[in-house]
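Taken from TrEMBL as is:
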type: DOMAIN; residues: 4-420; note: domain 'Enolpyruvate transferase'
type: BINDING; residues: Lys19, Gly91, Arg119, Gln166, Arg343, Arg385; note: phosphoenolpyruvate binding site
type: BINDING; residues: Lys19, Ser20, Arg24, Ser164, Gln166, Asp312, Lys339; note: 3-phosphoshikimate binding site
type: ACT_SITE; residues: Asp312; note: active site, proton acceptor
Amino acid sequence: MKLTKSAGLRGELSIPGDKSISHRAVMFGSLAKGTTHISNFLSGADCLSTIDCFRKMGVLIEQNGTNVTVHGNGLHGLKAPSETLDVGNSGTTTRLISGILAGQDFETVLSGDASLNKRPMGRIIKPLEQMGAKITSVNGNGCAPLKIEGTKLNATHYDSPVASAQVKSCVLLAGLYADGKTSVTEPALSRNHTELMLRSFGVKVESHDTTATITPPEEMIATDIVVPGDISSATFFIVAGLITPNSCIRLKNVGINPTRDGILRVCKDMGADVTLENVIDNGGEPTADIVVKTSKLKGTVIGGEVIPTLIDEIPVIALLAAFAEGETVIKDAAELKVKESDRIALTVDNLVKMGVDATATDDGMIIKGGNPLHGASINCKYDHRIAMTFSIAGINAEGETVIEDSECVDVSYPTFYEQLNSLQ
Ligand SMILES: O=C(O)C1=C[C@@H](OP(=O)(O)O)[C@@H](O)[C@H](O)C1
Ligand SMILES: C=C(OP(=O)(O)O)C(=O)O
């Protein structure tokens, strides 16, 4: 993909469905009794991997674009797959499904693409083993492929060393099959979509501060899910609207769950002109239209408890910081090193390539704003969020920017370039 400087972005976008919520709707619908209708489903490669895995375990799932119907098999109705489950590029699919598979009465093997098979799975192997699960890293390196021999599980309490919704969700989902209440405490609250959605499927889940507790149900009951727009996807256009001169963009129907809204807090701290309209409280997963205008920005410090609420947005927040006056420090974000790529190194390297004063640190980065950007050839290492971040950089740089392997945006945002073009 080739990009050149934009004269301004104007118009409105309907942001595609939330990736985290789309994954969970398919998983929980598959385990429920009855039919779950999902609307505004994210038809991105990661969520399609989740559909594929459950189809291979005998669940009838019909997909018609953003409408998905899941004919659930019930809590104990999954069938042994006849082949390895392909989790593609998706950490969420891998870690959440592992919790479910640990409690089945059959064996499965999970494997993904080159990036996925390098990501750490020890973080789920440890708590699952504490519950009595039989789960092994086939190559003995703590990564996928994973072999999971389903078995009876013991209820447990797990103190997670990381604020990770994938780890928390894995343990809670294994808890569906445990012999009593299972709880997880995390160092800071991560996204709570699992807790909220399990409740809407009739499961008792209690949340107190950073602890979530599940009581294993007899059955889960199907329900309909309307997926809000993905705030992580919206953030590319929030940043684009703020840094591109002469811009005014309305992003419609974006999920603003407080465990996901850190970007809005950062925008406020940086002095950005971002307003929320049509705020709707959908019972736990609120939505709003986000209106963004070109702004004069100032640097800030981003760290601590806000980090899990904006973890996937950090590469593009770093770009925002490059257009702010003064220094921005991003800290407590070492988790970025174990995403689809090392997002600290790759973000900083590519920002520097485009002329930004950016330095990587052990747990984040320091960006001094104000340097003009110039075009560059960007190797995104097949990381969708890096490809989109540097596409937005490209429309704000002198000369031409080329994004290699830009098709990887399909992982979370297949219509990204179409929507970007519609604003020019
Ligand atoms: O639970 C989820 O849906 C997700 C949790 C986050 O990962 P971690 O749990 O590893 O922080 C996030 O980065 C990922 O994109 C989606
Ligand atoms: C980290 C991400 O996803 P996952 O962990 O599901 O691969 C992401 O979408 O940025």
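Just so it is clear, glycine is given a Cβ too, placed from its N, Cα and C backbone atoms.
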Checklist entry - What Cα-Cα separation, expressed in whole Å, is found between Ser164 (3-phosphoshikimate binding site) and Arg119 (phosphoenolpyruvate binding site)? => result 14
Checklist outcome for this item: For ligand 1, the binding-site residues of Arg24, Arg119, Ser164, Gln166, Arg343, Arg385 whose CB is under 6 Å from one of its atoms are Ser164, Gln166
Next on the checklist: Can you check which residue among the binding-site residues Arg119, Gln166, Arg385 has the largest number of Cβ atoms within 10 Å of its own?
Outcome noted: Arg385
Checklist entry - Among all the protein chains here, how many other CB atoms are within 10 A of the CB of Asp312 (3-phosphoshikimate binding site)? => result 23
Next on the checklist: List, in residue order, those binding-site residues out of Ser20, Gly91, Asp312, Lys339, Arg385 with a Cβ under 6 Å from any atom belonging to ligand 2.
Outcome noted: Gly91, Asp312, Lys339, Arg385
Item to check | Among Ser20, Arg24, Asp312, which are recorded as binding-site residues, the nearest neighbour of Arg343 (phosphoenolpyruvate binding site) by Cα | outcome: Asp312
Checklist entry - Distance between Arg24 (3-phosphoshikimate binding site) and Gln166 (phosphoenolpyruvate binding site) at the Cα atoms, whole Å? => result 11
Checklist entry - Where does Ser164 (3-phosphoshikimate binding site) sit in DSSP terms: helix, strand, or coil? => result coil
Checklist entry - Roughly how many Å separate the Cα of Arg385 (phosphoenolpyruvate binding site) from that of Asp312 (3-phosphoshikimate binding site), to the nearest whole number? => result 8
Item to check | Candidates Ser20, Asp312, Lys339 (binding-site residues) - the one closest to Arg119 (phosphoenolpyruvate binding site) by CA | outcome: Lys339
Checklist entry - Roughly how many Å separate the Cα of Gln166 (phosphoenolpyruvate binding site) from that of Asp312 (3-phosphoshikimate binding site), to the nearest whole number? => result 13
Next on the checklist: Given a 10 Å Cβ-Cβ cut-off, pick out the one of the binding-site residues Ser20, Ser164 that has the most other Cβ atoms nearby.
Outcome noted: Ser20
Checklist outcome for this item: For Lys19 (phosphoenolpyruvate binding site) and Lys339 (3-phosphoshikimate binding site), the CA-to-CA distance in whole Å is 15
Checklist entry - Among Lys19, Ser20, Arg24, Ser164, Gln166, Asp312, Lys339, listed as contacts of 3-phosphoshikimate, what is the widest Cα spread in Å, to the nearest whole number? => result 19
Checklist entry - Taking the Cα atoms as reference points, how far is Lys339 (3-phosphoshikimate binding site) from Gly91 (phosphoenolpyruvate binding site) in Å? => result 8
